[in-house]
């Protein structure tokens, strides 16, 4: 009898082990952030405020092992809030009276001197600069990764007092003292609660973020100085693109709203940035951020919703169109009330040549500005012949076959600068990076750590065939520095710039406009290298980068001039 009892007890315990607890969460029930839209007029009268209503509604939802919490409340861009909920709680909330929609949050990504002259703007011309007094006292709100305020581009020399109508503040902290703001940077704020909710711990614990308006990435500093940077003489990146750097509206004021962090830019933080910018009284908003995936309906798109609220208040929002070109129907930020910007080329180039030993000349591009190769006519090897076609670090099967050679590397998922570094530590003296086929003749400008040149896919095939046909293939690399005015085709749409047609509303043409977005020199953070790679120890005051993030601030700055000259 006792053995039977023990057997039953053992089986019962086994069942307890294999049957999941009713309070445990499946993967489908893990909490995430949702954006909740509510009807403003549906607030019950017994609640003193909409915030009280939102909290009460949240507490009425079914229980969960994870606490329900409101991250933000909104009253300007939408009426509603952002909260951490499980999917079943979100579904329940959709049935509650007064709730318009419950949208799961998405994480968006940043879309990553010569320009005024190229655009025909000068101090002596009767154009926008003179008629607008360089955008004097117009306020640009920059929703991005923050700002590095110590850069000369943000000097307030010659500017008058902050406009009396301005309501914004400067959020200070240990790494962002009060002096970080001035008459140029008149506001600096950070929205980080959405990012913290997403990663599950404090932003500062990542080691790559600062819970302040300080820019640890470089992107926000670059865009802010592009649209409204003060004039800086002898600006350059290493030896390249030397000249006077000046924003499109050099007398405009900058209001910084940091909404992007190392994990990306969360919808809830973005809406918070829009909310603060409109409350503070900006005139123009610049937004060089886009979705990680395809477009969603306008009412489910945080950027579209925030920009619609801005449009209702007479504030223009300029947004980048994305870097997924040249494939069709890839343009993002396509809402009709957004000014969607594509990227085009400048007449400033950074050419570099490869001369094969049989006399063939290959034209490429490079931002390498260090010491040239110690000699010409260097032995050339294809990376695939040493077991590492994509030039990944530590993957060469024979460094002896790499040492002292130029290595031809195929395009993969690794940044070309990292490929060059892998070649360098394997003993190679130079690298040729082959771009992807669908870019055609378009090239990526990178700040290589080692002598390296990027070439088109077709030119890469030419070099590959040369290697196969020659017993001892050899090549010479020539870096030509900065060449201005040599391109007769500029401006032309950049290969990477996302194309139309509009995937949501084909009748509405997108992008709306193009502006310079290839090889743009502007201010940079002191916290990151020019390549944003951890292996790169270099620091620069100015950086040269490309992407639709670059034309967007050009258009924001030009819109500022129009706002000032034609109020």
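Each Cβ is built from the backbone N, Cα and C atoms, and glycine gets one as well.
Features of the protein shown, as given by TrEMBL:
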- 144: active site, charge relay system (ACT_SITE)
- 219: active site, charge relay system (ACT_SITE)
- 549: active site, charge relay system (ACT_SITE)
- 33-111: domain 'Inhibitor I9' (DOMAIN)
- 135-566: domain 'Peptidase S8/S53' (DOMAIN)
- 379-461: domain 'PA' (DOMAIN)
- 1-24: signal peptide (SIGNAL)
Cβ-Cβ neighbours of residue 219 (active site, charge relay system) (radius 10 Å): 27
Helix, strand or coil at residue 219 (active site, charge relay system) [DSSP, three-state]: helix
PLDDT averaged over every residue in the domain 'Inhibitor I9' (33-111): 94
Summary of DSSP states over the domain 'PA' (379-461), given as helix, strand and coil counts: 25 helix, 17 strand, 41 coil
